[in-house]
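Undergrad: Below: one structure in structure tokens.
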Amino acid sequence: MSINLTIDICIYLLSNARNLCGKHRSKQLHLVCSPNHCWKIRHVSLQRGLHPHKVRCKWTKSETHSCSKHYYSPSNHGLHIGILKLSTSAPKGLTKVSIRMSRIKSTLNSVSKAVFGSQNEMISRLAQFKPSSRILRKVSDSGWLKQESIKQAIRSLKKYSDKSTEKSPVPEGRNHIIDKEDDIGKQSLFHYTGNITTKFGESFYFLSNHINSYFKRAEKMSQDKENSHFQEKSELEGKKVEEGKSSSLDPGILTSQADKPDPKSSAGTMDKATSPSGTPESLPISTKQSIANFLSRPTEGVQALVGGYIGGLVPKLKYDSKSQAEEQEEPAKSEPAGSKDKTVEEKKHLSLQREKIIARVSIDNRTRALVQALRRTADPKLCITRVEELTFHLLEFPEGKGVAVKERLIPCLLRLRQMKDETLQAAVREILALIGYVDPVKGRGIRILTIDGGGTRGVVALQTLRKLVELTQKPVHQLFDYICGVSTGAILAFMLGLFHLPLDECEELYRKLGSDIFSQNVIVGTVKMSWSHAFYDSQTWEKILKERMGSALMIETARNPMCPKVAAVSTIVNRGSTPKAFVFRNYGHFPGSQSHYLGGCQYKMWQAIRASSAAPGYFAEYALGNDLHQDGGLLLNNPSALAMHECKCLWPDAPLECIVSLGTGRYESDVRNNTTYTSLKTKLSNVINSATDTEEVHIMLDGLLPPDTYFRFNPVMCENIPLDESRNEKLDQLQLEGSKYIERNEHKMKKVAKILSQEKTTLQKINDWIKLKTDMYEGLPFFSKL
């Protein structure tokens, strides 16, 4: 293939360039368009161009060269390009070619000068913006600098074009074309200058009209709508600025008014936008970007080009949605604040209910998983771990006991209790007590022991118990199924029922506690009384309790098979307007059997004694969790009725055999006060005595219960001994009066001892065995499911 071109004074002959490039891999060749400009063709790849076998090349500008008739051959590539100087004596063939290509010559000459200039010149010729036009899109600081450089290049080119037009006037036939181009350039992508139109002629005019009609076909139709839209937008922005709110559009939208230059740069652009006469021109807002902006940024792709022309519609739609949202918000603001508060409270209530439901479901699922894991376990050591893990779970979440019972936990535990491993048996007894499963009572019915509060006067109750032990020849914890105490009675209940201490040791310990605690200086006690409302040191009392009882929990005492059910009573003073009784138990209630009294078994033993003995004026009130505890004697100094209720919850089908109520002595004065008035001290004493009265409960129970069921032992003292008495002679006096009272009521004591010594009948033993097997195998043994 051969190409013969006659351009001005030089001709270039390229013989079979495809073969040469493919074989010799030529890198570049130089093409001289004029004696002062040199262009080089750089080989890129063997791609298809206009001709199916033509090599695509890239044209780049190089330095100026002068060429004559010679052969330019790139080194080591073998590409020969013939360059011949033409003259009037040129061959005929070349003259014909020159005549035929005259029109192509003129067209290519104008195209080469207009198109193949520098990048800034090309951009300036394609993007002759009006001084008042602005492109609304986000740019960085470097982008603004680039725009400023482009504007400077435009100004320099304008000056150059003005000078060139003065030197070479435009023909008259082209004047109307230039005027028409100036009018169209205000609203077109291509902005015509005199230099370009003069050189291009009709070809450039046709090309520019085609591009402008393609890219800006709908601009005139939507211009009015866009102007009205952006006018509304500016009004909305003004309102938001007044309200102190900042509005910003989506960063993905190129044509956004939210991103504006700083005041300095905006001031500079306003100065530059003024007309030569000094009057500022109006700045119409254009939502579309011209093709020159995308040519100046070669890294941007087709998506940016398309987005620049359709992006003008997005802000309008976005602002319409915002205006609708604002219209909907206006009636909502007019609603009263009370309804909003109600909705907020309802939402909080619903969220709390949802959280509770989710928590309850998770607790139930965890309980089921632990029970099923225990039922699948056969190894005794692993069973101990499973049982203890389930015990801790139920202590933390008592509401899971019902699910555990439904999952047939009790039969599994009863079968495990038959194993000979003592550790496993102790763990099983603890979790059975926690669930509320109890063994049958020891005697023919329920046997209850209750001890009143009274400080160191509790030695009187010890004298009564000593006589019962002497008559029955059994320790206290074997005589009774349930032991309950208040204040000092709780101390005796724990020592006798939980620690199984002998009576002599209990009396010695009782005297020592009295001397250690109640030996307080009067002056120091008075100061403490005014400061903490406690005459004695509560911290010392807590320290003694921790040393004696340790950190064991109440429920852990159920591991001992000989341990009866034990409870200590305190009074909660911060729940509601009236005090409420609180029961510290070493057992739990079976699911479905609800007690009327508050309480729990997850507390430590020393905490139960500390709360139950917090007598006002003697010891400071004790805070345990969210509750504030005081002495239980403030509400129930005689806990017999409470003990009966608790026993009925534990053994609902068992009869009540015996209730032994032990008092700490009472004092009855024969002195009569004035009948006209009473002193303030007397009034306060009457209130306290009525609150701590034990005889009214005794009278009521004695009249309601069957004969030989309720036995009350409370001796009358010849002297009113205070609660904090620690002198040994006074304590000896109390013991002596207690012994005299027992001697006077020896017949009554023998009756109680006889009832407590009765054994179960054969029929009761058979019933207990059947019940145990039924619970163990979920039915009668011969109808068992296993």
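Cβ coordinates come from backbone N, Cα and C, glycine included.
As listed in Swiss-Prot for this protein:
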- 158-180: region 'Disordered' (REGION)
- 225-285: region 'Disordered' (REGION)
- 246-258: compositional bias 'Polar residues' (COMPBIAS)
- 266-285: compositional bias 'Polar residues' (COMPBIAS)
- 321-348: region 'Disordered' (REGION)
- 449-644: domain 'PNPLA' (DOMAIN)
- 485-489: motif 'GXSXG' (MOTIF)
- S487: active site, nucleophile (ACT_SITE)
- D631: active site, proton acceptor (ACT_SITE)
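I'm curious about the neighbourhood of these features; can you describe it?
TA: Averaged over the motif 'GXSXG' (485-489), the predicted model reaches a pLDDT of 90.
Look at S487 (active site, nucleophile): DSSP puts it in coil.
Under the three-state DSSP scheme, D631 (active site, proton acceptor) falls in the strand class.
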Undergrad: Out of S487, D631, which of the active-site residues is least crowded by other Cβ atoms within 10 Å?
TA: D631
Undergrad: Just the number: how many Å between the Cα atoms of S487 (active site, nucleophile) and D631 (active site, proton acceptor)?
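TA: Roughly 6 Å, rounded to the nearest whole number.
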